[in-house]
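According to TrEMBL, the feature signal peptide maps to 1-21. Taken from TrEMBL, the feature domain 'Ig-like' applies to 26-106, 118-202, 206-290, 294-374. Look at TrEMBL and you will find 400-421 tagged as transmembrane segment. According to TrEMBL, the region 'Disordered' annotation covers 442-472, 499-528. The compositional bias 'Acidic residues' feature in TrEMBL is assigned to 507-518.
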Amino acid sequence: MRISLCLWVLVLSLYSYSGHAEETTKAVLVLDPDQTQFYSGETVTLRCSIEGQNTSGWKFLWHRDGHVVHPPQGWTDNNEYTIQSLDETHSGDYTCAGLKDDKDVQSETVKLHISALPLATLTVEPHSPVFTGETLTLRCVIASHSGWVYKWYKDRDNNVVFEGDTFILKEVNKSGNGQYWCKGERKEAPTSSQISSETTVKVQGPLSISPQRAQHFTSESLSLSCGVQGNSTGWKIRWLSGRGGNAKCPTDWRSEKESTCSTRSASSSDSGVYWCQSASGEQSDPVNITVHDGDVILDSPVSPVTEGDPLTLLCRFRNTTSVNTTDFYRDGTLFSTSSTGQMTIPAVSKSHEGLFKCRSPERGESPESWVTVRGLPQPTVSVETHTEQEQKPVSDSGSFILIAVGVVVGMFFLAFLVFCLHRSKYLTGLCLTTTATDQQQQQQQQMSTNHSSDQDQSQSAGRGGSESEYMPLQMRSTDVYDTITPLYMPLQRGATDVYDTIKSSKEEDDEEEYDDVVPSDTRAEEHV
């Protein structure tokens, strides 16, 4: 009866749990592709399904941050919502709802995060200006992620002109003029970057000086030209003398064409600022040329020196190659002393920019020349925050929880059934134990009666009897043990205390019986 009752309780409980599971049917929102981190321009599909059922007859609705986002007019039969060309405004907490026969079910929240594409940063070296014949280096950098393939474009043309993070143009000329930009592509998300900002390259015709220095001795030859390797079309030399005025080459100089001029014997009056100018008005960097009638000049670069490059200054002496101890000054302050007449700064910086001159105690000092240091382009660093650990849809964990609860409930009722069966066996064993205890008590009473009768017979027979007189007592003791054994042996499975009770009773009876037995040697002595 008890077992049947336990089974009925188990069946009713399982039925109740099944009904409860039906009541907690939920909608499940799944993303395709299965990820929660997306980038601008990508596409995602939000699919809504019903646990344990097909979608036939159901209507669906999607919310973002508690507001209806699809469809705007209300419920729809389509269980898929696709968002194309994602942007950051699509980020938020999404849920979907299902409706059928006035039954409304809701999904768990799925968080969708949309990040802007990484930005490509373009740098140019030298950044300004770029002269004909120079080497132009363009670099494209994307700070976040890895595995990028960099592609270069020019003048808004979608045709790729170069692939690689560094685009080098050697011996650049006017054909290198234009607008350059780059972007990155890769196989994994994000599959592309934002395009970089554009940089405009204008190649200018430089002023070429021979000898290639800013200071010259009087009576020496000097020549100037615009362009490199004969590429001087459209360029003219302009000269601003110390006397003022903007003219071509000095009048006493030889000029075969407007882009060149030279003299075999320069004079101090030829000093001034020279530059190249194109027909459209573009100008090269000006160069301040000094023609000195003294014995010492400073050999310094005529073009700007790029920061980080070495800078070498040389003190020259008229009509001699001998070396004198030379002091170098910057902005009127002693900068360095050299026994070779030469000074080198291994890596020049903007702080080294200024007016330099050299001085020899024996020969005098040179005029001052301005040394320009061109700084490196400052890189732009973009920092982005990414959620490296992508969250899985919450609906998956919800299904797992329901399954786990079902398993736990099933194991609980199985344990309850086992308990009921064990309890039933225990009660049955208890009844058997009670019956055995009653029989044992009756046996003890019978043994006590027999024991008293034996004592009376033993006393009447006297203490001189032989050893055989006590054999019936031993046999009776064995018979009692044999009688008790079948009573307590089956009860070992039921209750240990019953066995202990019977065992202690048996030991007490044996002790009492053997206390009355006197060794035969002792009786023989008494008889004598």
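Cβ atoms here come from the backbone N, Cα and C positions, even for glycine.
Note that this is a predicted model, so its numbers are computed, not measured.
Taking DSSP states H, G and I as helix and E and B as strand, the domain 'Ig-like' (294-374) has 3 helix, 42 strand, 36 coil.
Within the domain 'Ig-like' (118-202), the DSSP-based counts of helix, strand and coil residues read 3 helix, 44 strand, 38 coil. Taken together, the residues of the domain 'Ig-like' (206-290) have an average pLDDT of 81.
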